[in-house]
């Protein structure tokens, strides 16, 4: 994954050769590096997520690489470049759904993004809010309070709720200061965007803070969420083959030695 915030000129890079015979060993090295800078984990743990859960990189869409992701996976976040083909598709998709409708579970939590450069935060909240019981959020933790206080609100009202959340802002800044990157200015422009994919009531939903409603991508299950999400990611990649900046992370139950 690219660093969640800003850039770091002090980063040191090492070119490593990865072949079939040493794939498992090299993947373990990558996991160790990623765990040295668990920004997203720090963020959600500080807001009350139990430490048995965290974010893991998904290294590819092939079945062998998907099989390396710890289970259970309860949400998948994708980072992708917002380019004209993606924007054209978004507009056409919105018009189609407005005209034809779609199956939409009332149990899906969706938050409209109203803050610039907050798609990562919105993605994390989508991942957690749609799994709050499965994640066993403590009754007194901020994440549970935030979700439950917004349960009867519209997507737009939830966005406004996030705007005035001092606790999210404070934790965001604390984690960024402790991590490997600098907090960007709110005026910074970016064309990379996070969306979240979750399973709810037998369907796979794409949750994008820029969109007015969730997108139903068809049948899914808790057991097949990762594989189903990978198919959606592949469609995003096929939509603009000139781009390579696609990344996936999964919210999953961490192996005991990784907590």
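For all residues, glycine too, the Cβ spot is worked out from N, Cα and C.
The active site, nucleophile annotation in TrEMBL covers 119.
The active site, proton donor annotation in TrEMBL covers 193. Counting every protein chain shown, the Cβ of residue 193 (active site, proton donor) has 20 other Cβ atoms within 10 Å.
Among the features that TrEMBL reports, domain 'UCH catalytic' is placed at 18-253.
For 113, the entry in TrEMBL reads site 'Transition state stabilizer'.
Taken from TrEMBL, the feature site 'Important for enzyme activity' applies to 208. Just so you know, the Cβ of residue 208 (site 'Important for enzyme activity') picks up 23 other Cβ atoms within 10 Å once every protein chain is counted.
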Under 8 Å Cβ-Cβ from residue 113 (site 'Transition state stabilizer'), six or more apart in the same chain: what's there? 119, 122, 159, 209, 210
